[in-house]
């Protein structure tokens with residue numbers, strides 16, 4: 001019998017705003033999206049701030065978006081959890097932090113703090129670094145070194161100097177800490193197994209290898225002179241007057257990695273924590289007996305201590321589909337595969353019974369503006385075969401392009417990215433409709449809707465604009481004022497399945 005699948009199609013980084021300047025979503029020629037928008041019930045959803053468990057006004061992101069979508073409720077994000085812990089004094093009593101600090105005091109060794117040096121709030125927040133510096137001062141830790149990963153992606157591309165100056169003020173204020181290395185996140189936070197990048201960051205931190213500077217700001221100035229901005233700054237070493245590195249990571253040191261988002265923290269963490277690491281030769285000085293702390297749970301593969309342990313999410317969308325004996329497919333290209341699997345399942349790595357996954361490799365290019373279509377056509381071809389084969393009751397699909405190309409801050413490639421996705425969307429939705437199925441077309445957060453600032457500069461960060469939702473079923477009405485946490489209840493509603501009590505979101509379909 002022909003399956004009539006209900007598909008949740010996530011156009012990553014695709015939000016709506018009226019102003020067309022710098023707006024790749026508005027400027028793109030997207031006949032399929034426009035046709036569905038005009039023909040079927042539609043509304044807009046909030047995908048940022050408190051609607052997704054973030055601080056008010058904080059832009060959403062893919063991890064947060066998929067967690068909320070899959071959970072069918074507002075999920076309190078790590079950023080909010082840590083902020084509350086700082087505010088209520090719980091941060092200073094955190095046993096894992098205190099154990100790391102005691103470890104270096106007992107061994108007479110150094111504490112290293114590393115993470116993304118910005119207030120972007122997507123992977124980290126600089127205030128969490130300040131809280132760690134304050135705690136180190138309070139606990140009497142003398143040797144504290146900071147390895148700053150420069151952002152330029154979740155914040156403006158040339159904002160590193162302001163964060164470094166602010167950090168230097170805090171170091172002065174607390175009387176503890178020195179900047180030891182700086183590295184663009186392109187190197188230190190790779191997630192695509194481009195180990196040559198990670199190796200450069202590792203060797204700067206452990207061997208003191210790389211360009212050397214007396215002053216962190218001089219490092220940034222020098223990079224800017226060569227047209228290399230924050231995200232891409234080569235791993236660089238800050239040295240003392242005699243040319244020796246301020247600090248390298250050595251045996252018995254402690255590391256606190258203050259990023260809270262796992263995906264871009266895993267590879268560099270594995271480099272330090274895994275005994276059977278084989279991705280590159282770590283050399284004779286690879287530090288032993290490190291006390292390695294992850295701010296949150298990064299992955300089963302990372303052998304470190306976790307300061308803020310995960311909160312379990314029960315009865316996520318995938319689990320409910322599985323409990324009712326439905327077959328489900330998760331499909332995406334590499335860049336968003338963890339999002340439609342791990343994050344969509346509430347932080348669970350394993351598949352549910354009846355769940356299949358298809359991973360299509362993302363193209364190997366330095367930056368995706370060079371190939372705006374990415375692997376969208378390959379994802380589409382793979383999915384069309386599965387729809388034709390009548391195997392699945394539910395499909396969860398992500399198109400990465402509007403987000404990944406939007407991060408370039410380049411308008412033309414981002415328009416091309418949106419257009420490629422629209423072409424693919426048309427094929428997929430029409431195939432689903434031909435089977436008598438239903439598509440829910442939506443997004444997880446904004447990005448491609450604002451790739452230029454009003455004065456024409458690249459805008460590489462996400463946005464706080466609302467995201468669309470279209471349900472390709474005639475004769476229903478969708479309510480306004482919804483959130484991402486309402487999508488799973490809507491999908492269950494369309495499948496005729498009961499909503500579990502843990503899902504506090506509400507179906508968007510007006511009864």
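Keep in mind that glycine also has a Cβ here, set from the backbone N, Cα and C atoms.
Using a 10 Å Cβ-Cβ cutoff, residue 62 (Mn(2+) 2 binding site) registers 28 neighbours. Taken from Swiss-Prot, the feature Mn(2+) 2 binding site applies to 12, 62, 444, 445, supported by sequence analysis.
Positions annotated as phosphotyrosine by Swiss-Prot: 36. In the shown protein chains, 22 other C-beta atoms lie within 10 A of the C-beta of residue 36 (phosphotyrosine).
For 62, the entry in Swiss-Prot reads active site, phosphoserine intermediate. The secondary structure of residue 62 (Mn(2+) 2 binding site), as reduced to three states from DSSP, is helical.
Taken from Swiss-Prot, the feature substrate binding site applies to 123, 153, 154, 185, 191, 261, 262, 263, 264, 336. Around residue 123 (substrate binding site), the C-beta neighbours below 8 angstroms that are at least 6 residues distant in the chain are 115, 116, 154, 185, 189, 259, 260, 261, 264, 265.
Note: residue 462 (Mn(2+) 1 binding site) has non-local neighbours 13, 59, 60, 61, 122, 154, 403, 445, 446, 447, i.e. same-chain residues 6+ apart with C-beta under 8 A of its own C-beta. A coil conformation is recorded for residue 462 (Mn(2+) 1 binding site) in the three-state DSSP classification, outside any helix or strand. As annotated by Swiss-Prot, Mn(2+) 1 binding site applies to 403, 407, 462.
Note on proximity: of the recorded positions 12, 36, 62, 407, 444, the one nearest residue 262 (substrate binding site) is 62, by Cα distance. Between the C-alpha atoms of residue 12 (Mn(2+) 2 binding site) and residue 36 (phosphotyrosine), the distance comes to 18 Å. The Mn(2+) 2 site is set by 12, 62, 444, 445; from the centre of their CB atoms, other residues of the chain with a CB within 8 Å are 10, 13, 47, 60, 61, 65, 66, 336, 339, 403, 443, 447, 462. A Cα-Cα distance of 15 Å separates residue 407 (Mn(2+) 1 binding site) from residue 191 (substrate binding site). Cβ neighbour count for residue 444 (Mn(2+) 2 binding site): 33 (other Cβ atoms within 10 Å of its Cβ, all protein chains included).
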